[in-house]
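All remarks here apply to the structure that follows.
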Amino acid sequence: MAEDWLDCPALGPGWKRREVFRKSGATCGRSDTYYQSPTGDRIRSKVELTRYLGPACDLTLFDFKQGILCYPAPKAHPVAVASKKRKKPSRPAKTRKRQVGPQSGEVRKEAPRDETKADTDTAPASFPAPGCCENCGISFSGDGTQRQRLKTLCKDCRAQRIAFNREQRMFKRVGCGECAACQVTEDCGACSTCLLQLPHDVASGLFCKCERRRCLRIVERSRGCGVCRGCQTQEDCGHCPICLRPPRPGLRRQWKCVQRRCLRGKHARRKGGCDSKMAARRRPGAQPLPPPPPSQSPEPTEPHPRALAPSPPAEFIYYCVDEDELQPYTNRRQNRKCGACAACLRRMDCGRCDFCCDKPKFGGSNQKRQKCRWRQCLQFAMKRLLPSVWSESEDGAGSPPPYRRRKRPSSARRHHLGPTLKPTLATRTAQPDHTQAPTKQEAGGGFVLPPPGTDLVFLREGASSPVQVPGPVAASTEALLQEAQCSGLSWVVALPQVKQEKADTQDEWTPGTAVLTSPVLVPGCPSKAVDPGLPSVKQEPPDPEEDKEENKDDSASKLAPEEEAGGAGTPVITEIFSLGGTRFRDTAVWLPRSKDLKKPGARKQ
């Protein structure tokens, strides 16, 4: 067939079809059929054609490949097979053929037709197939060609069922146009269909309408057996979650009362989601009992335990998928939202709660897998998911609280003392409540101050001499901490009663002891005034050998002033244990001085 548009009168005037052959690929030689409507829309499958024409046009007999209507021949194949088995011993047809052997082919063709007619006439008389209509209850003789999954209906009832189904499909897609729901022209914006923004186009095949605009003539199929107590109950109980649920204006209730639901066949259709407790409640020997009063709480024997005692609205799980979903909890997904509260109408995530920080789009590990706390439904969500539970310590829940990160465990913090400190040291002030607690104070990101009772030596690179600050004498005395801020440096000086072995001053010393009346100054760092109420500090004169070393250090520091003002000017904290009042010159082995300090060129390399 040529690849041009040809008229297709089977679909009506203006319809055209075209057959295109494939010229390459694994399916080379096969053809594809396309149809074009009078409005210019192109259709390439029978499914699209059915959606386009709607339920008014029946395409059961339409051959999409050829573009014609194919009327099936009468099917009598099963009856003919039965007649052959029945006519084997007598074989009257073959004797007739032998008698009329040398005749024309027309007579040979007429013989099987006469045989089949005789078989169809004798089959109902010899093997009647009576049946009972499931709808009206009358008995009729069936032909035995129907499939087992279809209901046994007489011809009149089957025709009524087909017409009813066709009408219901039209009501679901288009509507009747007469009821109050069909007269509504605007969506409510609160139902699940409006919130999910599902397509309303009929050609899409979804036909998702707003719940307020759904035709009232749509009849939902009753999935009950009609025999059990739930199917025979005609009135609502008034105390189940469905009956207690507040109605939404303009919307009708789509779920049955729990007491009116069928008790048979519900769990047999489920593929999973059944645990041992529910299996024990559905034992065949258990008989349904009337619901006990609210004061008593025995274990229910019915398969619907939630029907006996109503649950509060906050703990009620709202389902908007199917009628069967309002059963005891299974492992299937549920949707807990009303669609009308402020949380359900919120579109954006806060980005600061723990659920948002867990999402991959905010850099989380996707472990909790919950939506934003500020978008949890205020009516149907579980209480543990609401933001009020998460931010109880906050003053108010008006805005999303900041995200609190978990602190690292103390075992993972292993700090080692190095030869130099980082440029910035963040020290924590000691609280007076924890005087007896043990204790290592953190200094910056990777250093630890020693516990009380030990001596500290602060070395200033390039300075004239170090300053030694021993710990307090008694554990009960509280050390007053005072910050001394330098350029890019913050360190701690303890100011209890101190014995200083050596001070960096250029004055001449006299033998004996001297009492300082001015605060101790460290070169290169501004110091704060010392409390005048503190006790006096004893000092001893330096040795001449140490003065020579100090002069060398001063000359080395003058060669590189820029380096001393930068990162090289950071102090070195070294722990000296159990000095016990020893002179500082005797402990020179504890403080080895690096050669890099004396040679500024080595540091630059």
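Residue positions begin at 1 at the first shown residue.
Heads up, the Cβ atoms here are built off N, Cα and C, so glycines get one too.
According to Swiss-Prot:
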BINDING   CYS237, CYS240, CYS243, CYS257  Zn(2+) 4 binding site
BINDING   CYS350, CYS353, CYS356, CYS372  Zn(2+) 6 binding site
COMPBIAS  287-297  compositional bias 'Pro residues'
REGION    80-123  region 'Disordered'
REGION    269-308  region 'Disordered'
REGION    391-451  region 'Disordered'
REGION    520-573  region 'Disordered'
REGION    529-592  region 'Transcriptional repression domain (TRD)'
MOTIF     84-88  motif 'Nuclear localization signal'
Whole-number mean of pLDDT values that fall within the motif 'Nuclear localization signal' (84-88): 50
Binding-site residues compared (CYS240, CYS257, CYS356) - highest count of Cβ atoms within 10 Å: CYS240
Cβ neighbour count (within 10 Å, all chains shown) around CYS350 (Zn(2+) 6 binding site): 19
Candidates CYS237, CYS353: member of the binding-site residues with the richest Cβ shell (10 Å): CYS353
